[in-house]
Amino acid sequence: MSDPTPNADCEHPAPEPEGLTVDFLGSGPTPSQSRFQVDLVAESAGAAAGDGDEKAAPSGDKAQEAEEAKGRFRVVNFVDPSGAVSPDAAPAEGLQNGDTVMSETSLQSSTGGQQHYHYDTHTNTYYLRTFGHNTIDAVPNIDFYRQTAAPLGEKLIRPTLSELHDELDKVRLSPGLRLDGFANGEDLTPAEEAAVKDSGDSKGVVKFGWIKGVLVRCMLNIWGVMLFIRMTWIVGQAGIVYCCIIISIATVVTTITGCSTSAIATNGFVRGGVYVMHGSSCHVTCLRCEGGAGVLNLVLSLSAWPTNTLKLSCSLISRGRGAYYLISRSLGPEFGGSIGLIFAFANAVAVAMYVVGFAETVVELLRMGDLTMLDAVNDVRIVGTITVVILLGISVAGMEWEAKAQLILLFILLTAIFNYFIGSFIPVESKEKYGFFSYDASIMWENMGPDFRKETFFSVFAIFFPAATGILAGANISGDLADPQMAIPRGTLLAIFITALVYIGVAVSTACIVRDATGEIGTNFTLGFNNCTGPACKYGYDFSSCKLQPGQDESSCKYGLHNDFQVMSVVSGFGPLISAGIFSATLSSALASLVSAPKVFQALCKDNIYPGIAFFGKGYGKNNEPLRGYILTFLIALAFILIAELNTIAPIISNFFLASYALINFSVFHASLANSPGWRPSFKYFNKWVSLAGAILCCVVMFIINWWAALLTNVIVLSLYIYVSYKKPDVNWGSSTQALTYHQALTHSLQLCGVADHIKTYRPQCLVMTGAPNSRPALLNLVHAFTKNVGLMVCGHVRISNRKPNIKELNNDMLRYQRWLLNNNSKAFYTPVMAEDLRQGSQFLLQAAGLGRLKPNTLVLGFKNNWRECDLKEVETYINLIHDAFDFQYGMVILRLSEGLDVSHIQGQGKCFLSPLVFSPTTPLNMADQKLLDASQQFQKKQGKGTVDVWWLFDDGGLTLLIPYLIANKKKWKDCKIRVFIGGKINRIDHDRRAMAALLSKFRIDFSDITVLGDINIKPKSESLAAFAQLIEPYRLKEDDMEQDAAEKLKAEEPWRITDNEIELYKAKSNRQIRLNELLKEHSSTANLIVMSMPLARKGAVSSALYMAWLETLSRDLPPILLVRGNHQSVLTFYS
């Protein structure tokens, strides 16, 4: 319950390594030195003197201002080697004012006694100009809010509250201190720690602007295989009108998703920053660099430090996050981890789709030249395999080569598109046999409506939709962008707009070519004497033979929108340019996907959400390229390339990408709904309801395209979600899930406060005086058995101290003990308080523990087994705790184990802080401690067949009956039956049993037996009476043997003493406790647990020693026993 003397191992921290004895901390804990102060490298004497003169006289010179600004961005102190004392410096005798700090010891440097004047984080001139005097209290500065060292300026560390507020001799750096007061969720994973060691210099890292990095990539990815190979076929199937609708639906989905992506991407820089000690080196690891998703590792090698120098080395160890990063950091690791795998897989399959489109074109060109290798399908496989190997080589060559290739491919692609549109206006007679007649109103009208052949609207949509999936190409390499917040919204939305216009333009341009053509020169015929129908008839061509006949699956014609995937080559002004455009579109998209997939997978590996896959996340080279991820992507792509059927691969990708888009949109809705103050996107053109509509639209389209594929995708996402939820990765990303959980908890807590208590909703909410939660595991486990998923449990810990309270230590203990409870699956809260004694601290907890209606209503104590050996003042305090609980209208529960409860002295043999509930001491235990250890773990085990005996002697509102019912319903206790014991008269035993059985039945509480104790009022055995008399003998006042004044004085000084009058007055009640102990030994000596009504003692009338003797006598030499007394308000009801 209390912890007056902390463990010695915890009290004294381990000595600091030798490598830390530098001027970062100074040669001693001097008041003027703090963790944001180091000594600036002293320049040569002549230059230093000049600098000192310049600093003394403020000047408007720009060079000086630039130097001053530079100084403000350095984590240094400024040295005046000339020895000149600043007029604002404090006297050397250690005098100080409210803000200025100086001491005699701070004037001595570790370099040999040279005088150094330690000023503030910026410069003395800067603060002098601002406030008129020197102060270490920092003014607002962007560098205090950075999470990493970046090109914009170094991360500065503002003075902590302790450094400004605490006593001077206590201001020092604590090992393992974070740079930021809040968790950023970006702690180093094992894979990242390994990457830190392998990472090189960041010099030469490639960064892209919004055009080259986002717009170009998105346009190339969107203008993929579908533009040249399937777009005209889609118009042939769906018609111009339906085709425009398909494009519009896809554009609506991608536009909403693009806005959602932009909102997430512009919600601040990606945060990071953790300060950890590793021997003689201090690693300031700043994860997910500003402006992108890179990981910057800043290493301060303190062991190699000269006394007045600071060396920094930076290395970029991870880049590229994309949809995975956006979703995981928004919705949390559960959704992010599941969609991360799916999105990486979808990108890998997309490589196969684009390569197969490329291979189809190559095989078609080979066929035209009669250069077939095997057959059409196997030729696609061969060409596709060769192509993906070449693309892998280009990707591995690095981002810079890949970016240069993208620009070349974009130029070819734009040339091919212009070539197509120009060719559509130029009628060529030789092309008429292939169905091309330039623009004609009748052809347009004919192509307006649908003509589905073995397809439907949604199957055509499924084949087209992968053309819209390139919108995340820029976000996928966010770590390679110079300014992702500007680049992603601008580049993505502009790419969607431009590509949508081009797609619609291509759809409308099909007004120049018919759906079917024979490829043969038409014969002249006389209109009116021929059965020719269709817009080609007026040009002298009869393509009516191409129409499908009943029972025919395919047209006999090979040309036209329906039959020729290479229609755009026919229409274009120069056919080979279209082939080049196809090569450009397919290869560029394949290249982009081949780069994106490994980087998404690398990000997933580094977060270590799925253990065992970190092998594929290892980076190589200056850009940390995931070569193993490239190989994995290559193998997945190769497997799908062997399918060699574009129309089969496309719907698979559509489902995966739609799932990703749905979650991105849902992320924005979720974050907006959570109403977190941290959700402040600079991109304002989004709406949470529109995002929700976009997410729903994506899901609906998934099921319409292919219901079983959509169902499979959702099952995979759900399975991965359940896995991650079960594993509970130790990450804290500040996700909207956390924000919404807080918002809902706050809302529901306030709603509960507006509803009056009702007996049907009563739950035992326990304040358990465990002290440190791991010091009394039996008490914790048993209470957890009837509060888990039912009621509140608060572990109260009174830290007794007569000294000035160490609040920092209290807060640290609160964090680590709460984490200990979570790690041990104990659903409880840890609440420590500092107090001068146990009773005062307990009163604090009784009054203040909980929040609103989530407030304890039952106090749980462990029985004080050592009450006869300890100071009787402690017994007085213990009994007063019980009285205080009843005064505050709490129920009361006391657990007694004959072996005891407190195992903290056993834990003291091991580590200072043990994480598991089951622990193994480092040294052998004596027999008593071994029994204590075994007893403390008995409630962690499954209870065998046995009984829970309920001695419901007094009606306290039903708490004595409710607690055993809740315990018996738990899995570990399900084999135990409830037996009920009640008091009664011998001549009314049957009547009392039937009445109790009827009451229990109405309460719907199962029981195995009811025993009426008719002999409860029989006089106890003489040996039992003698034992009780011997028990209370040392605590009797014996006022009859002394003067009245002396007796009154002794009673006032020792109020726990038992008077002779008190013994006589409560003789019957004392005999009842003695008799009940005899009955308990007779009926319940083999029970797994006894739950018994606790006797009450009137406050001010029954002394503490007598009451303690009653409890001792009642519960002595028994199995685990719970003494329970409710607050006499009903907690059970049989009304509906």
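In case you wondered, yes, glycine gets a Cβ from its N, Cα and C as well.
As annotated by TrEMBL, region 'Disordered' applies to 1-69 (among others).
The annotation compositional bias 'Basic and acidic residues' is assigned in TrEMBL to 52-69.
The region 'Disordered' feature in TrEMBL is assigned to 82-116 (among others).
Per TrEMBL, the feature compositional bias 'Polar residues' maps to 97-114.
Summarising the annotation, TrEMBL assigns transmembrane segment to 241-265 (among others). Outside the transmembrane segment (241-265), and at least 6 residues removed from its termini, the chain residues within Cβ reach (under 8 Å) are 234-235, 326, 329-330, 448-450, 457, 460-461, 464-465, 467-468, 471-472, 475, 478, 484-485, 488-489, 492-493, 496, 500, 503-504, 507-508, 658, 661, 664-665, 667-668, 671, 681, 683, 685-686, 690-691, 693-694, 697-698, 701.
Residues annotated as transmembrane segment in TrEMBL: 335-359 (among others). Listed by sequence, the residues of this chain that lie at least six past the ends of the transmembrane segment (335-359) yet keep a Cβ under 8 A from its Cβ atoms are 224-225, 229-230, 322-325, 327-329, 379-381, 383-384, 387-388, 391, 466, 469, 476, 582-583, 586-587, 589-590, 593-594, 596-598, 600-601, 603-604, 607, 609-610, 632-633, 636-641, 643-646, 649-650, 652-653, 656-657, 659-660, 663, 667, 713, 716-721, 724, 729, 737.
Long-range contacts of the transmembrane segment (380-399) within the same chain, counting only residues at least 6 positions beyond its ends with a Cβ under 8 Å from a Cβ of the stretch, are 206, 351-352, 355-356, 358-360, 362-363, 373-374, 405, 477, 480, 587, 590-591, 594-595, 598, 621, 623, 625, 627, 630, 634, 637-638, 641-642, 644. The transmembrane segment annotation in TrEMBL covers 380-399 (among others).
The transmembrane segment feature in TrEMBL is assigned to 405-428 (among others).
Residues or ranges marked as transmembrane segment in TrEMBL: 457-479 (among others).
Residues or ranges marked as transmembrane segment by TrEMBL: 491-514 (among others).
What TrEMBL records for 627-643 (among others) is transmembrane segment. Long-range contacts of the transmembrane segment (627-643) within the same chain: residues 344-345, 347-349, 351-353, 355-356, 359, 381, 384-385, 388-389, 392, 395-396, 594, 597-599, 601-602, 605, 615-620, 649, each at least 6 residues beyond the stretch ends and with a Cβ under 8 Å from a Cβ of the stretch.
Residues or ranges marked as transmembrane segment in TrEMBL: 649-669 (among others).
For 690-723 (among others), the entry in TrEMBL reads transmembrane segment. Long-range contacts of the transmembrane segment (690-723) within the same chain, counting only residues at least 6 positions beyond its ends with a Cβ under 8 Å from a Cβ of the stretch, are 249, 252-253, 256-257, 259-260, 263, 334-335, 337-339, 341-342, 458-459, 461-462, 465, 651-652, 654-656, 658-659, 661-663, 665-666, 668-669, 672.
If you look up TrEMBL, you'll see 776-909 (among others) marked as domain 'SLC12A transporter C-terminal'.
What TrEMBL records for 926-1136 (among others) is domain 'SLC12A transporter C-terminal'.
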Worksheet item: Apart from its near flanks, which chain residues at least 6 from the ends of the transmembrane segment (649-669) lie with a Cβ under 8 angstroms of it?
Response: 253-254, 256-257, 260-261, 263-264, 323, 326-327, 330-331, 335, 339, 342-343, 345-346, 349-350, 352-353, 356, 459, 462-463, 465-466, 469, 472, 640, 643, 686, 688-689, 691-692, 694-696, 698-699, 701-702, 705-706, 709-710, 712-714, 717, 736
Discussion item. With pairs fewer than 6 apart in sequence excluded, do the transmembrane segment (405-428) and the transmembrane segment (457-479) have three or more C-beta pairs that lie under 8 Å?
Written reply: no
Fill in: Structural state census, the domain 'SLC12A transporter C-terminal' (776-909) (DSSP three-state)
59 helix, 28 strand, 47 coil
Item to complete: Mind checking which residues of the chain, 6+ beyond the ends of the transmembrane segment (491-514), have their Cβ under 8 Å from one of its Cβ atoms?
Response: 210-211, 213-215, 217-219, 222-223, 227, 231-232, 234-236, 240, 243-244, 247, 251, 254-255, 258-259, 261-262, 417, 420-421, 424, 434-441, 443-444, 446-447, 467, 470-472, 474-475, 534-536, 543, 560-561, 567-568, 570-571
Practice prompt. State the mean pLDDT for the domain 'SLC12A transporter C-terminal' (926-1136).
Written response: 88
